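J.: This is the structure I have questions about; it appears just below.
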């Protein structure tokens, strides 16, 4: 269907294209009408079919006879960009001149560059006679109005297309050429595309391969196969060869093409009168009637006719006997013996082996067929036990695939079986058990597990029961036995050999312990020959074995276990000795092994005594605790808890140890966390000692609970001077440390000096608030750490041989290299100063602040010792007081402006009023009072404030007048401001007081400065070198080079770009502006009646601002003495944008952005509106389409007319019946979307071209009815029924199926229901079977544009012939886009064809 429709459309398209092509071909021929030369004035004659007048002379603007001028403006008499206007009825013209020009033809210039005279960015320059436009590259003409056509010189070669650009051009090459001018031919043969030694011929845009004889293809890549024509006969094999072939004949044939058959009967192979019959590469002997048999009739009829062989064996006659060939599974001379294949027991997992030759088992044995056959009697089958499968029952059936386990049980597959692991249901608190977890376990309903033991129920032999899973520290069937023991001081537990069972192949000792002791005995076991000891040394577990008092084994695990947590240790003695620390925080290297130090490891495991926690007390040399019997030295006894002690899996408890064999051991863990009450104060760290605690105090605290604090020494109280001196009472050698806490706010002063009577070892002092350190002969070492901040700092000196390191807390501040010296008894440590004031002043004077907890190594040097046991004698204290109080710094009332003083340690702070600031409230914070309008920024000045803002000038704004307030005393030697504008000539500032004056302006887009001042007779001029009318900000400063001189040259700085512009002459300063001089900002210039149009910052003259805001009502006045006051009363518009708002291109869709400095405005192109030209004006808003749908465009609209209407606005009614196709006398009825045919007589169809389908009477005498619409009568399931034509349904085929019910037409198409089909009437913008093709899609256009005209014409002729043939062969009435012929083979009623033949093709409409 689609093929024929496509062919039909293609036929129409190609026909119209061909006609157009033929028409255009003939239209270009010259006509003989021009042969007479009727045209005058050198004009050209060209024939037009619709007009006999044929003269064309557009170049000379002549009429059709080339005699008179048609348009007086045709020759462009107006010069430049002037506009020529034709005067009606006079044949004359008038020139409308642009600004700056006059005259009849606008040829006279008025020497003015105004009005944007130069186009395309050209720069206008004044000339003595007329303005001159300097054009940018790519443009020419007097006003730069002409785009220079770089393509005029035809720079592109070889048929390339030249595209003109701005100051350049681009060449688009045709295929086969490249390069900027398309002058380089592409050699397509460079890539060697031709294969198999073919010759490559380079051509324009392509290449051609000349192939050898035996190859073909575009690139000669295909070898020619001579065998393709199948030259070899009678099944011969063709062998392809270069340039030829050969035939390998099948047996029985010969010849070049195997065309000759060989006669195998020529040798007369048949004996005894047998008839030879020739075949294809064979023969056979017909022995009929000869009394012989065999291939050549050579054998008498055989003895096997008596069938001597058993079990369906095959009999073979010999010369005087026969041979039986047995079937598989049988043996013997007559095949009478059945081979027993089950003798090797091939079936696994108790499978039963059954031989296939057991004929009696067939029909009643699973796994065997119902009947016996000798063909399958060889072998065996395995009948598997339940749970197994496979040929040999080798595969275990996964019973878990059937999910036998209930209630969430987990199934485990077993050989031939399965096991269910039943869960505990946390929701219902129910245990399940039984084979399939179907039983609710009741054993724990009234369980007796003690001490939080977990009850585990079970169901065995139909009985419910339970077991108890005990927590650590408990054992027994009901967890009733306590296995936790608490060991006090000197406690022990003696386990005799009778307390536990005998030995096995290995022995195992395990226990859990809980202690804070770093050193303790856990276990000792053995005798005088061999002993094993398990102990804690420095918190780590150690295991040692001694043999005859010699240490043989020492194992240890480097992990701290003296942390008050539970730890599990296990010792195993077998072939190797293993020590393991299990669980807890030990993550790696928690197991260590060694060989057993004795030949028989069971000698260590022998039944012998063991001691847990300690040994019975005895005394030996040096008061060491020993085992009295064997005199074994021991570590301190264990204080803590042992739990779950097992000797060879036997629990050791107090109950199974004899009375009197333990001391200070109790059941349970009675340890107390002494640190729980946090007894250590002032950040002290508490250490739990099981029977007490110990506090490690942070400096400067001490005492058992860190409650005491070393008394600080106060130096320089109320600005006094003093020091402290300590005499060293021991020899400390070359390695020692000296540390102290220091608090100060003073940036200078001696902190520490260490010396003897003749030599000063080291001195430490404050310099600019940081520490400095020096030794004799070495440079000063300054530390990058600020100490004088009033905080407490721990300072430490660590003296080593040849080096001193300085620390602040744990931070290393650096080191210095020093000679080695030794601290001896009698040396003196000075703190805070020296007895000699002059020596002290060398280090910035005496120290002011506090020093606390001075330590030499671990010895404390106390200023005020409270014990007579101090290792040092009383120090020398001069003006050193106890504690660390601060001076009363508020005594002198340091706060100004009503500030309130608050005393700090050796410092003060002021609570200042809201309008003041500074350490002493000496600064008034004017800007915090919000003195400026919202559009201005407040800037604090030394004596007041100023409101800073950027002013916006519109070109029509009034000038702003300023005057001095008469109090300016400073020298005015400079002026600074910033601006941005597009003006070329404009005045910025003007001030004048005869004979002195100041002008700052822009001339020819450059900054211009004029000044006459002081006693100078010269007017100073400065002209900038850069253009400043680009709309961006420019920062400008004019200043005297020598500001202290009476006259000086001036310089101009623009945007800090060097070199600066410097004047050639000198003049005075701007001091004349102090004397009531009027200063005008934004004034008009002489040659520009408009004022400044742009932005101007607040101008600064000599550091004094020209504020745009007078003292407004509601805002405080400015307190500074020196001011320039705004005299004019006009309001100044502020709020200039920091940059050109048009730089971001805010205007869309070609809109032109106009910078207004405080904002921007978009001038939109036709069809667009909105702030940014973002709104496409809806031309459809007025509903211009009368009978159609309106599609909005840009500044336009398009009407898509409803069927039956046409015209720009769909206003014209189309007569749809004008070209109707109604046949057979039918009447055309016009409709909105087309027309319909009212059929006459016995005709039907859309165009009434077909006869109505006949009716058939169906049934018998009892039951009869009529089948309409061509339906036929048929017997179906013993009843008469109507079999309907495609497109009809119902019991009597009376209902026409509505093919439009599925709404097949898309994109607004209208569906028309027809017989067995539908027709989509598409909107004008769509086409296709279902209106699915969008005609506006560019992909549907220009498919054939790339084909050459000559080739295309030939292709059209051939294609049209084929299409016409195809249409003729398929010509039939298939209206619309739905073909019933497709339904005939693939429609929903194809299943009826088995009962009724398909209709004739002519009647399927």
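We number each residue from 1, going along the chain as drawn.
Using the three backbone atoms N, Cα and C, a Cβ is placed for every residue, glycine included.
Annotations per Swiss-Prot:
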- 39-54: disulfide bond (DISULFID)
- 118-133: disulfide bond (DISULFID)
- 151-162: disulfide bond (DISULFID)
- 227-238: disulfide bond (DISULFID)
- 270-285: disulfide bond (DISULFID)
- 697-706: disulfide bond (DISULFID)
- 890-901: disulfide bond (DISULFID)
- 1147-1162: disulfide bond (DISULFID)
- 1164-1173: disulfide bond (DISULFID)
- 1180-1190: disulfide bond (DISULFID)
- 1217-1228: disulfide bond (DISULFID)
- 1284-1293: disulfide bond (DISULFID)
- 147-183: domain 'EGF-like 4' (DOMAIN)
- 223-259: domain 'EGF-like 6' (DOMAIN)
- 261-298: domain 'EGF-like 7' (DOMAIN)
- 300-336: domain 'EGF-like 8' (DOMAIN)
- 338-394: domain 'EGF-like 9' (DOMAIN)
- 396-438: domain 'EGF-like 10' (DOMAIN)
- 671-707: domain 'EGF-like 12' (DOMAIN)
- 713-884: domain 'Laminin G-like 2' (DOMAIN)
- 886-922: domain 'EGF-like 13' (DOMAIN)
- 923-959: domain 'EGF-like 14' (DOMAIN)
- 950-1136: domain 'Laminin G-like 3' (DOMAIN)
- 1254-1294: domain 'EGF-like 18' (DOMAIN)
- 41: N-linked glycosylation site (CARBOHYD)
- 560: N-linked glycosylation site (CARBOHYD)
- 656: N-linked glycosylation site (CARBOHYD)
- 756: N-linked glycosylation site (CARBOHYD)
- 879: N-linked glycosylation site (CARBOHYD)
- 967: N-linked glycosylation site (CARBOHYD)
- 974: N-linked glycosylation site (CARBOHYD)
- 999: N-linked glycosylation site (CARBOHYD)
- 1189: N-linked glycosylation site (CARBOHYD)
- 1242: N-linked glycosylation site (CARBOHYD)
- 1264: N-linked glycosylation site (CARBOHYD)
- 1-27: signal peptide (SIGNAL)
- 28-1339: topological domain 'Extracellular' (TOPO_DOM)
- 1361-1405: topological domain 'Cytoplasmic' (TOPO_DOM)
- 1340-1360: transmembrane segment (TRANSMEM)
J.: Can you tell me which of the recorded positions 118, 656, 1189 is spatially closest to residue 1147 (disulfide bond)? Compare CA atoms only.
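T.: Smallest Cα separation from residue 1147 (disulfide bond) among 118, 656, 1189: 118.
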J.: How many Å lie between the Cα of residue 1189 (N-linked glycosylation site) and the Cα of residue 756 (N-linked glycosylation site)?
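T.: Per the Cα atoms, residue 1189 (N-linked glycosylation site) and residue 756 (N-linked glycosylation site) stand 112 Å apart.
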J.: Hey, how far is residue 227 (disulfide bond) from residue 967 (N-linked glycosylation site), Cα to Cα, in Å?
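T.: One finds 119 Å between the Cα atoms of these residues.
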J.: Work out the three-state DSSP category of residue 1228 (disulfide bond).
T.: strand
J.: Where DSSP helix means H, G or I and strand means E or B, what are the helix, strand and coil counts for the domain 'EGF-like 12' (671-707)?
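T.: Here the numbers are 4 helix, 10 strand, 23 coil.
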J.: Using all protein chains shown, find which of the disulfide-bonded residues 227, 238, 285, 706, 890 scores highest when you count other CB atoms within 10 A of its CB.
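T.: When each Cβ's neighbours within 10 Å are tallied, 285 tops the list.
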J.: Using CB atoms and a 10 A radius, I'd like the single residue among the disulfide-bonded residues 1164, 1173, 1190, 1284 with the highest neighbour count.
T.: 1284
J.: Taking only the recorded positions 270, 285, 890, 1264, which one has a CA atom nearest to the CA atom of residue 1162 (disulfide bond)?
T.: 890
J.: Cβ under 8 Å to the domain 'EGF-like 12' (671-707), counting only same-chain residues 6 or more beyond its ends: which ones?
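T.: Hits for the domain 'EGF-like 12' (671-707): 486, 488-489, 514-517, 564, 639-641, 741, 794, 852-853, 855.
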J.: Take the domain 'EGF-like 7' (261-298) and count its residues per DSSP category (helix H/G/I, strand E/B, coil), listing them in that order.
T.: 4 helix, 13 strand, 21 coil
J.: Could you round the CA separation between residue 1217 (disulfide bond) and residue 1190 (disulfide bond) to a whole angstrom and send it over?
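T.: That separation, Cα to Cα, works out to 26 Å.
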J.: On the DSSP side of things, how many residues of the domain 'EGF-like 13' (886-922) fall into helix, strand and coil, could you say?
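T.: Per DSSP, the residues of the domain 'EGF-like 13' (886-922) fall into 4 helix, 12 strand, 21 coil.
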J.: Using C-alpha atoms only, work out the spacing between residue 1180 (disulfide bond) and residue 697 (disulfide bond) and round it to an integer in Å.
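T.: The Cα atom of residue 1180 (disulfide bond) is 90 Å away from the Cα atom of residue 697 (disulfide bond).
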J.: Reported as an integer number of Å, what is the Cα distance between residue 967 (N-linked glycosylation site) and residue 1190 (disulfide bond)?
T.: 76
J.: Against which stretches of its own chain does the domain 'EGF-like 10' (396-438) lie, if we need a Cβ under 8 Å and a gap of at least six residues from its ends?
T.: 349, 385-389, 444, 457-459
J.: When the Cα of residue 560 (N-linked glycosylation site) is compared with the Cα of each of the recorded positions 162, 656, 697, 1190, 1284, which one is closest?
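T.: Its closest listed neighbour, by Cα, is 697.
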J.: Here are some glycosylation sites: 1189, 1264. Which one has the most Cβ atoms within 10 Å of its Cβ?
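T.: Output for this query is 1189.
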J.: With a 10 Å radius around each C-beta, find which of these disulfide-bonded residues (697, 1162, 1217) has the fewest other C-beta atoms nearby.
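T.: 1217, out of the disulfide-bonded residues 697, 1162, 1217, has the fewest neighbouring Cβ atoms within 10 Å.
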J.: Which one of the glycosylation sites (656, 974) has its C-beta surrounded by the most other C-beta atoms within 10 angstroms?
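T.: Counting Cβ neighbours within 10 Å, the top one is 974.
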J.: Of the disulfide-bonded residues 133, 151, 238, 1173, which sits closest to residue 1284 (disulfide bond) by Cα distance?
T.: 238
J.: Tell me, if you would, which residue among 756, 967 (glycosylation sites) has the fewest other CB atoms within 10 Å in the structure shown?
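T.: Taking 756, 967 as the glycosylation sites, the minimal 10 Å Cβ count falls on 967.
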J.: Quick one: mean pLDDT on the domain 'EGF-like 12' (671-707)?
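T.: Within the domain 'EGF-like 12' (671-707), the model's average pLDDT equals 87.
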